[in-house]
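**Student:** Pasting the feature list from Swiss-Prot:
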BINDING   Arg5, Phe6, Ala7, Pro8, Ser9, Glu41, Tyr178, Arg196  L-glutamate binding site
MOTIF     8-18  motif ''HIGH' region'
BINDING   Cys97, Cys99, Tyr117, Cys121  Zn(2+) binding site
MOTIF     234-238  motif ''KMSKS' region'
BINDING   Lys237  ATP binding site
Amino acid sequence: MYTGRFAPSPTGLLHIGSLLTAVASYADARSNGGKWLVRMEDLDPPREMPGAASHILHTLEAFGFEWDGEVTYQSRRYALYEETLYRLKTAGLVYPCHCNRKDWQAGARRGTDGFVYNGRCRHPGQRPALQGKQPSWRIRVPDRDIGFSDGIVGSYTQNLARDIGDFVLFRADGYWAYQLAVVADDAEQGVTHIVRGQDLLVSTPRQIYLQQCLGVPTPQYAHLPLLTNAQGQKWSKQTLAPALDSNRREQLLRQVFRYLKLPEAPETDRPAELLDWAVAHWDMDKVPKHAITAP
């Protein structure tokens, strides 16, 4: 059975880009007779906004969304992540990293998603002294291409050794890394389809590699075009995207429908009816592949 999900982070409030992802993932799930889960990705407490998680859920309800089952909070799933990391340790796929980020990045080259780790701690004899600090844990990556067929973008491939380097699964500050948590959650929740923004396209080969290492299924992926401001910057919390205004629900939903190339919906003041229209007329093939300017 199709199982999709929407996974916001409570580092801020929902904005127009969040709404586009929510509508697309919801419409794709419901149009395929599937479930739509909501997962709160609250992995990084220092970056979270107090009250954002509950505000996000209330906003989703105000815009007519209905999810299946209970909301999942990553902050309550550490035991799952510990078990997942243990499996990778047992398989000899991960190692402790004692490197200071500033030091290893000083001589590192840039890859697809930031600096490529130089592999210093791969070899026990080369690891610097810890000096009482706990290490991070990295996974060894293969020197081969990992690719997939995206439902919107098409073919996408990375060589993890060349483009990314061994990446962190558990941070030295004691927090779980996104890549491990999202793979563990998707597998445990039986997620079969992931519809999300193209800012996460670059993370997908890492997640597929982790799925292969853990022997869990790889979902089908579709990465949505990003919404950008007049300066070409992605609308986000960092670029001060305004929070969704529940008093403008119909207007904002219709705006997102236009971005997703949905036909114009009939007049109604009920958000749930607008979402039903989106589900009935959903066509992934019509979704644009490239960024959309959203004033």
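Placed from the backbone N, Cα and C atoms, the Cβ positions cover glycine too.
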**Student:** Taking the Cβ of Phe6 (L-glutamate binding site) as centre, how many other Cβ atoms lie within 10 Å?
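**Tutor:** Cβ-Cβ neighbours of Phe6 (L-glutamate binding site) within 10 Å number 24.
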**Student:** I want to verify one value. Collapsing DSSP to three states, which class is Tyr117 (Zn(2+) binding site)?
**Tutor:** coil
**Student:** Measuring Cα to Cα, how many angstrom lie between Ser9 (L-glutamate binding site) and the residue listed as 'ATP binding site'?
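**Tutor:** Spelling it out, the Cα of Ser9 (L-glutamate binding site) and the Cα of the residue listed as 'ATP binding site' are 11 Å apart.
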**Student:** For the recorded L-glutamate site, whose residues are Arg5, Phe6, Ala7, Pro8, Ser9, Glu41, Tyr178, Arg196, find every other residue on that chain with a C-beta no more than 8 angstroms from the centre of their C-beta atoms, and list them by sequence position.
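**Tutor:** Those within range, site residues removed, are Arg39, Met40, Val182.
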**Student:** Let me know the most crowded of the binding-site residues, choosing from Cys97, Cys99 and counting other Cβ atoms within 10 Å.
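**Tutor:** In terms of Cβ crowding, the pick is Cys97.
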**Student:** Rounded to the nearest angstrom, how far is the Cα of Tyr178 (L-glutamate binding site) from the Cα of Cys97 (Zn(2+) binding site)?
**Tutor:** 17
**Student:** If I take the alpha carbons of Tyr178 (L-glutamate binding site) and Lys237 (ATP binding site), what is the distance between them in whole Å?
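**Tutor:** Roughly 18 Å, rounded to the nearest whole number.
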**Student:** Where Cys121 (Zn(2+) binding site) and Glu41 (L-glutamate binding site) are concerned, what is their Cα separation in Å, rounded?
**Tutor:** 29
**Student:** Of all the binding-site residues given, namely Cys99, Tyr117, Lys237, which is spatially nearest to Pro8 (L-glutamate binding site) at the Cα level?
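**Tutor:** Result for Pro8 (L-glutamate binding site): the nearest of the binding-site residues is Lys237.
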**Student:** Sort the binding-site residues Cys99, Tyr117, Lys237 by C-alpha distance from Ala7 (L-glutamate binding site) and give me just the closest.
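**Tutor:** Spatially nearest to Ala7 (L-glutamate binding site) by Cα position is Lys237.
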**Student:** Just to verify: the residue among Arg196, Lys237 with the fewest other Cβ atoms within 10 Å, which of the binding-site residues is it?
**Tutor:** Lys237
**Student:** Which residue counts does DSSP yield for the motif ''KMSKS' region' (234-238) in the helix, strand and coil classes, in that order?
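**Tutor:** Tallying H, G and I as helix, E and B as strand, the rest coil: 0 helix, 1 strand, 4 coil.
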